Amino acid sequence: MKVTISVIKADIGGYVGHSSTHPEVVAKVEEYAKAGVEKGTLLDASVITCGDDIAIVMTHTKGKDNEEIHKLAWDAFVAGTEVAKKLKLYGAGQDLLADAFSGNVKGMGPGVAEMEIEERKSEPFIVYFADKTSPSAWNLALYEMFADPMNTAGLVIDPSMHDGFTFEVMDVYSGKAVKLETPRELYDLLVFIGATSRYVVRAVYRNRDGEIAAVASTQKLSLMAGRYVGKDDPVLIVRCQSGFPAVGEALEPFARPWLVEGWMRGSHTGPLMPVSFKEAKPTRFDGPPRVIAAGYQLCEGKLVGPNDLFDDPAFDDARNRCALLANQLRRQGIFEPHRLPPEEMEYTTLPKVLEKLKDRFVDIGEPEAKAPGSGEGEIHE
Ligand code: 13P
Ligand code: 13P
Ligand code: MG
Ligand code: MG
Ligand code: MG
């Protein structure tokens, strides 16, 4: 049976501030998801939360980008927003950028990750869900899951994975995407996805047969007033076992924390902390950024789960190291590299302050220079 897994997520109000969701808001979204199952639009649905974000994990037979499915999620978030407004929650309806639904939630604020698959004899998959960061937070994890044999033993010892995987990478500014095949083009891939402020992994495919292996919510990153704002708290779907990474191989990158963009006001660097569902309530300096892993087994389109996969003391050390990294970074306060450079910040007062002081900038006889990173010919040997 062909089944589509659609995960659509939004922040429709924080409780308190940006730290968490309110149970009444989640219950309203669940009510709409359940009604979708009862009506037969959906095969099944599961509502999960991370920080102030809510995701609806849906299964159905209508394929990707289906209007009815997207509208169901949109309506659920609009109804949830009404509850959030009634409680005067913070940023009620934050991610609903459009006034009315128009065919597809992409570009309207909510994040979307969808894949259509032929359900295997056993179909385990993981929905990762992060708060206080951006979709490029998955770049390093996806590289390790699908292209690094030091993380994923299966790339070496499982014949069905041995041909490797192809990554689809999007340039968030041009909106163009490129497919790169690993291991052959691994170094080309890393040139791009190491540059997390510009390039984001959209999807991963298995080389042997082109099967979809992973998909992230990057299709339409929010552009506000014509400016790219990349801090949409992201979701990621990863298929596991039998020709894909084992569940433990897919979780392993998160056992060694790394730094991502987001945190306070979407304008800081911080460690991505893997947590259980109940610990996904970032409060310290609105963070540090969190990620949960919701494991499901698909059974004739029904969702058996979620299983809270980071609820394992083996991840305690990662959590402790994130807390130590948080201490170290917080030491630098408003100074870079803890605070992001001006072009990466979600909002900034720099232009206003520059404007105010423009007449006080005087020529001191230094030559003008081009900003670095513009590209060509910059070879440092
Ligand atoms: P079990 O022997 O517990 O089934 O584990 C098999 C396995 O391959 C784990 O990665
Ligand atoms: P969210 O993107 O989770 O709403 O966080 C915004 C923010 O400004 C946190 O300080
Ligand atoms: Mg928020
Ligand atoms: Mg959020
Ligand atoms: Mg955010």
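Glycine too: its Cβ is placed from the backbone N, Cα and C atoms.
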D52, D53, D233 bind Mg(2+) 2 per TrEMBL; candidate in D131, D311, D312, D316 listed for that same site: D131
Co-listed Mg(2+) 1-binding residue [TrEMBL; alongside D11, H18, D52] among Q94, Q241: Q94
Candidates R265, R321, R330, the one TrEMBL lists with H18, Y90, G103, N104, K132, Q241, S242, D286, Y347 as binding beta-D-fructose 1,6-bisphosphate: R265
Between D232 (Mg(2+) 3 binding site) and D131 (Mg(2+) 2 binding site), the C-alpha gap once rounded to whole angstrom: 8
Cα-to-Cα gap, S242 (beta-D-fructose 1,6-bisphosphate binding site) vs H18 (Mg(2+) 1 binding site), nearest whole Å: 39
Least buried by Cβ count (within 10 Å) of the binding-site residues H18, K132, R265: R265
Secondary structure at Q94 (Mg(2+) 1 binding site), reduced by DSSP to three states: coil
